[in-house]
Structures are given as structure tokens and as C-alpha cells.
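Visitor: Provided herewith is a single structure, encoded as C-alpha cells, for subsequent inquiry.
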Amino acid sequence: MSIRPIEYRDGAIRMIDQRLLPTQEVWIRYRDYQSVAEAIRSMVVRGAPAIGVAAAFGVAFGARDIAAAGFGEFYAELEKVCATLAATRPTAVNLFWALDRMRTRARQLAGSPLDDIRTELLNEALAVAAEDEAINRAMGRHGAVLIPDGARILTHCNAGALATGGYGTALGVIRAAVESGKSVSVLADETRPFLQGARLTAWELHKDGIPVTLICDNMAGALMRQGEIDGVIVGADRIAANGDVANKIGTYSVAVLAREHGLPFYVAAPLSTIDRNIADGDQIPIEERDAIEVTHCGATRLAPEGIRVRNPAFDVTPARLVTAIITERGVVRGDYVAGLAQLFREHR
Ligand SMILES: CSC[C@H]1O[C@H](OP(=O)(O)O)[C@H](O)[C@@H]1O
């Protein structure tokens, strides 16, 4: 059973502190929306679907603590809770998808006793978490057929169980392929500067007994050229209506290299990561994180003081470089505008 990074119990969630992996497995309890927001911003919890799950519980905890006379006052305060959570990180659309889902649930219950609304919002957060793992398993089944027996698959960052409510998106496809009896090995880009590949993907795959080889980000091209990689699979933080994909910084470079070497480049993501409100990837906000993530590795300084630093946490891969988008509703290829729209029509 792969790890679930967020677990609800007795009115609180506990989340594994992903900043401390792989050397320490520390779980932290959260009972209020302010601390959940800080956990998202500081990347205790990270990964688009996992951020959505955490935010849903944040709204439920915020609702629990609102003292209001009527629904109007209650909902106005709930909007402030959502605004605090929305301000944590800008790129992963699952955050905003989850907040919208919780707001919608609250509006549907307008007129009900406030305690009933508070209970239903907690139930909605629990549903978001449970559904996410089921979605990932369905995505895995659709994607597993694309992974040949014996394949050596490169992945970038961590789109595994740690990035979701459980099982993973890109790594969920790997898990499903292995569970179907195929022999699959993974090459994990370390993924500078936050090192999600080295610290998280390598940890969770090794823990699950799936063969994983850690490489530096700058090795992918040479290993492709040497014929040591058969394909690429990554997650996503936001997919535009035309199939452009925002994902961890470095994903675009991997996609260009895969195209150069004639390798398939797959993106695994749930429908909650597809943002139909934006036409293309140029409209996706790209988070710029603190320079210290680049200049330091823990307490060790890697670069001179006072130099200029860029630290965009994501980049955008044009749809033309994407071989297929794997979702819980099936695999989309080619005409992503039509294909993604069809998924939503089917998924009413
Ligand atoms: C399954 S979504 C995982 C996605 O999220 C990661 O970003 P971060 O670790 O900064 O939250 C990365 O882009 C992964 O592909």
C-alpha cells in the first residue's frame, strides 16, 4: 500500500512533512486553516492534488471555527478562509478547484443550520481525499497499457502518492503497470532545486520495491541518446484547454529532449488539474519561489552571497510536445482542445 500523505482523524489532519524526507518521517497535526495554509505555502505538503486535498480540509476547519449568526455572515467569513488558502501558491489549479468545490457545497446548503453546514463541509473534504486516490487508480489503469513490459521510464519531480491523496498520478501509472505484472524501472530526475525526485520519488518507489535509479537533471539527455530511456511520464500542476502543461521546472527541457530522441512524453493528471478557463499555457501563473532554495542545500551555501537568482518553480510544456494526456476518464492524444472538452462532456 503506497503512502497517503494526508490523513484525517479526530477533527484534525496529520500530514507528513515532505521537507524532511527522506531522512526523517515526521507527521504534523493540523486543526486550523491558517496552519494548513502555511503548510501548503512552505511545502510541508506539495503536489497539485495533495494541495487540493489539504485546502479542502483547511476550508472545513475554517468553517468549524466561524462564529456567525446567519448564513450570510458565515459565508462572508468562509470567503476569507478561502482567500487565505488561495494566496499560498498560484500555479497548481487543484488548489482553486478544491476551494471552488467547497464554496459550492456551502452555497448548496444555504438555509440549513450552520452546524449541519459545518458537518457537510467536513464530509466534502473527506470525499475530496477519498475520490482523489480512486481517481489516481483509474488513471493508472488507463495509463498502464502505454507502458511496455521491461520499459525504463524517466520521471521528473514527484507525481507520486506523496503529491496526491494516495497512489500518485505519473507514479500511479507506473504502479498500475507493475501491478499488472510488467517489469518497469524508473529513472528519477533529482529535480533541482527542491529535489522532489531525489528526496521523494526515490524514497516512495524504493519503499514500494519498484526499481528506481536516481539521476541528476543534466543527465537525462545523454541517457536518452545512449538508449537507456524508453519513455517519459510526468504529472502536472495545471493543463490549459489546448493541452499546454505547467509542471515542475525542468519538465519542458525533458519534453524537448524526448522529442529529439523520438521518445513518448506522457502527462498523467486528473480532470481537476485541467483548467478550461484558460486557452493556453501562456496564461498559467508561474510561481517564483525564494532564492534560498537555489543558493542553499539545507544549511550549506552553494553560491556567493548577493548574486542575482531566478527560481521559477514551474515551466510550461507546449501541447505539441505531449504524446498523450492520461486522465481518470481515459487517454487523450492529438487534438487536445477537442479531446479534453469531450472528457468533460462525458464527465457531467
Ligand atoms: C501530481 S502533481 C505533482 C506536481 O507537483 C509538483 O510541484 P510541487 O512539488 O512544487 O508542488 C510537480 O510539479 C509535480 O509534477
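Cβ atoms here come from the backbone N, Cα and C positions, even for glycine.
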Visitor: Pick from Arg9, Arg14, Arg89, Arg276: which one does TrEMBL list with Arg46, Gly47, Ala48, Gln196, Asn247, Lys248 for the same substrate site?
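Guide: So the substrate site in TrEMBL includes Arg46, Gly47, Ala48, Gln196, Asn247, Lys248 plus, from the candidates Arg9, Arg14, Arg89, Arg276, Arg89.
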Visitor: Ligand 1 is in the model; which of the binding-site residues Gly47, Arg89, Gln196, Asn247 have a C-beta less than 6 angstroms from one of its atoms?
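Guide: Once distances to ligand 1 are taken from each Cβ, Gly47, Gln196, Asn247 fall under 6 Å.
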Visitor: Around the substrate site recorded as Arg46, Gly47, Ala48, Arg89, Gln196, Asn247, Lys248, what other same-chain residues have a C-beta within 8 angstroms of the site's C-beta center?
Guide: Ile51, Thr91, Ala92, Cys157, Asn158, Ala159, Ala163, Gly235, Asp237, Ala313, Phe314
Visitor: Taking the residues Arg46, Gly47, Ala48, Arg89, Gln196, Asn247, Lys248 listed for substrate, what is the greatest CA to CA distance in Å, to the nearest whole number?
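Guide: Value for the max Cα separation, rounded to a whole number: 17 Å.
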Visitor: Distance check, please: Cα of Gln196 (substrate binding site) against Cα of Cys157 (site 'Transition state stabilizer'), rounded to an integer number of angstrom.
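Guide: Rounded to the nearest whole number, the Cα-Cα distance is 5 Å.
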Visitor: Just to be sure I understand: of Ala48, Arg89, Cys157, Asn247, Lys248, which recorded positions have a C-alpha no more than 10 angstroms from the C-alpha of Asp237 (active site, proton donor)?
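Guide: Checking each Cα against Asp237 (active site, proton donor), the hits are Ala48, Asn247, Lys248.
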